[in-house]
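K.L.:
Once you've had a glance at the structure underneath, I'll fire off some questions.
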Amino acid sequence: MSEAPLAQALAGKSSPGTRIGSLALLTVLFALWAFVSLPEGGWLLVLAALAFWTSALRLTVLLSALEPQSKAARRGLSVAIPVLFGLTFLFLWEFVVRGLDVPSVLLPPPSAIAATFAASTGLLWADFVQTFLKAVLAGYAIGCGAGFLTALLVDRSPFLKRGLLPIGNLVSALPIVGVAPIMVMWFGFDWPSKAAVVIIMTFFPMLVNTVAGLNASSAMERDLMRTYAASHGQTLTKLRLPAAMPFIFNALKINATLALIGAIVAEFFGTPIVGMGFRISAEIGRMNTAMVWAEITVAALVGSLSYGLIALIERRATFWHPSIRRG
Amino acid sequence: MKRRAAGRTLPVLTVCAAILVLWYLAAIGMNWATETDKLVRAGDYSVTDAIAATWSARRPVLPAPHQIVAELWKTTVDVKPTSPRSLLFHAWVTLSSTLLGFVFGSILGILIAVGILFSRTLDKALMPWVVISQTIPILAIAPMIIVVLNSIGVQGLLPKAFISTYLSFFPVTVGMVKGLRAPDRMLTDLMHTYSASPLQTLMKLRFPASLPFLFTGMKVGVAAALVGAIVGELPTGAVAGLGARLLAGSYYGQTIQIWSALVMASLMAAVLVWLVGLCEKAALKRQGARP
């Protein structure tokens, strides 16, 4: 009686487990074999790509059908599936580009991009320092800080709040990147002009979100603070700012991406001879696409890592929020 | 008076007026050095002369609002819309690729969202990438797409529309997936008791329920599509479009031209978002939503 569910679970578990295991092994071995031993170019490589793709897809489908009991396994699976999907995509890209002899100007294979990346880490680092560590960080800090402080000021006056909010919402939808040429004209070619673009781009999302967040606490909670005879400052720090945290972090996350975009696009309008945007537009002029892709890889890494960092801080800072508490 | 202060019109107008006043003051401050220099060389000058000069400089550091309006008027009304000197011509070039990209992007976004809804594999494998891709500065890829497509002979409208598509489909997908999953258990169970097929559940329950989310995503998407079209016009070397006007203006130091292109782009963004909002209101009204 007590053995039956166990045996069932074992049978249910082990059978797809071994199937997935053997399929994964086969796929990896096949990919390695095709990668090493098939000749450059030709339809054989494309056929290999197709075979690889079908088996990898089958693997993904099998994996996504799994419903493991333990929390850790489920979390691992939720990372493993997209990673597998991404790797499949990269392999497919590699095989198809090499198989069909796509000129590397058009689309270099990932291996060439990786090689360029490894060969020019010094250059990429210098660009990263110029664009991210100087322009983006300075602009992001000043823009978000100014937006936050302005929101605190605006919050004192309902009249200003009603006047500024619609305008702030409107400005958030405008193509603000367009101020880049003006800022380059005002602040010169070096990073301060890029930081200025970033400040303008990050200011309004922060302003609008913080003002909305400061209104997030309910009337009941505010009444409670009144019965405690709390001052404006106390209500702000003990109730309304904590309640506004999810909104503020939302703005911080939106701004992380916006800031990087602003700095890179601003560099299209003129820079000293260093910076991610400069490198992209210069190397594309020389048709050196592998370098452009390497630079885009850096941008993607920086963008998702800074987003992830802010999300991590958010989990720590707003541990009380239902959306985080549950997990 | 009191009632209007409680509304939004008066506060918004006040803030706008304050911005205008500040702008004129800033124009005096920023143009003062260059303009008084010129006046000194020409001879003696009074303060009123200098202020008037800062508001009517030919290449000001910061043009006064009326100069931008005059430039807008000159380049839209006084010039034929087909001439490359007309701002309407450039605005149309940008608008056409924005709209094309936005329509493609919305359709693609909706299709991907439906795919994610129906396929567990796509949901688990693709959805994380859609979310991660939101955190990546995709715009950096724009010049490469333009130049690479140009080198294989594709140029003009399509490459720009491609970038706009790329930028606008993410917000639509994310909003749409959220919207398609918005109906709760009770409603899907009801469809189940009607023995509705998955397609019927999609068309009669999930799709109508997703409309508010779809329109929110589309508002973000249309603004992103416009930015994509403008940035897509930069690397081809200032041929046509609002992005080209920005670039040409920055090459030749034509500040008034840059500002007028910027105002035009902003107007276009505001109108596009407003139009999507109008569609939203009309659609939700047909569903019986009360304003």
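Heads up, the Cβ atoms here are built off N, Cα and C, so glycines get one too.
TrEMBL labels come from automatic prediction, so no person has curated them.
Reproduced below are the annotations present in TrEMBL:
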- A:20-36: transmembrane segment (TRANSMEM)
- A:42-65: transmembrane segment (TRANSMEM)
- A:77-96: transmembrane segment (TRANSMEM)
- A:129-314: domain 'ABC transmembrane type-1' (DOMAIN)
- A:132-154: transmembrane segment (TRANSMEM)
- A:166-189: transmembrane segment (TRANSMEM)
- A:195-216: transmembrane segment (TRANSMEM)
- A:247-270: transmembrane segment (TRANSMEM)
- A:290-313: transmembrane segment (TRANSMEM)
K.L.:
Give the nonlocal contacts of the transmembrane segment (A:20-36) in its own chain as ranges (CB under 8 Å, at least six residues past its ends).
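P.N.:
Tertiary neighbours of the transmembrane segment (A:20-36) are 45, 48-49, 51-52, 55-56, 58-59, 62-63, 66, 91, 94-95.
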K.L.:
Out of A:42-65, A:166-189, A:195-216, A:247-270, what stretch is closest in contact terms to the transmembrane segment (A:132-154), meaning most Cβ pairs under 8 angstroms?
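P.N.:
Looking at each of A:42-65, A:166-189, A:195-216, A:247-270 in turn, the most contacts to the transmembrane segment (A:132-154) are made by A:195-216.
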K.L.:
With the transmembrane segment (A:166-189) as the reference, which stretch in A:42-65, A:77-96, A:195-216, A:247-270, A:290-313 has the largest tally of C-beta pairs below 8 Å?
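P.N.:
Looking at each of A:42-65, A:77-96, A:195-216, A:247-270, A:290-313 in turn, the most contacts to the transmembrane segment (A:166-189) are made by A:195-216.
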K.L.:
What parts of the chain pack near the transmembrane segment (A:290-313), using Cβ distances under 8 Å and only residues at least 6 beyond its ends?
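P.N.:
Same-chain contacts beyond the ends: 104, 108, 112-113, 115-117, 120, 124, 127-128, 132, 249, 252-253, 256-257, 260, 264, 276, 279-280, 283-284.
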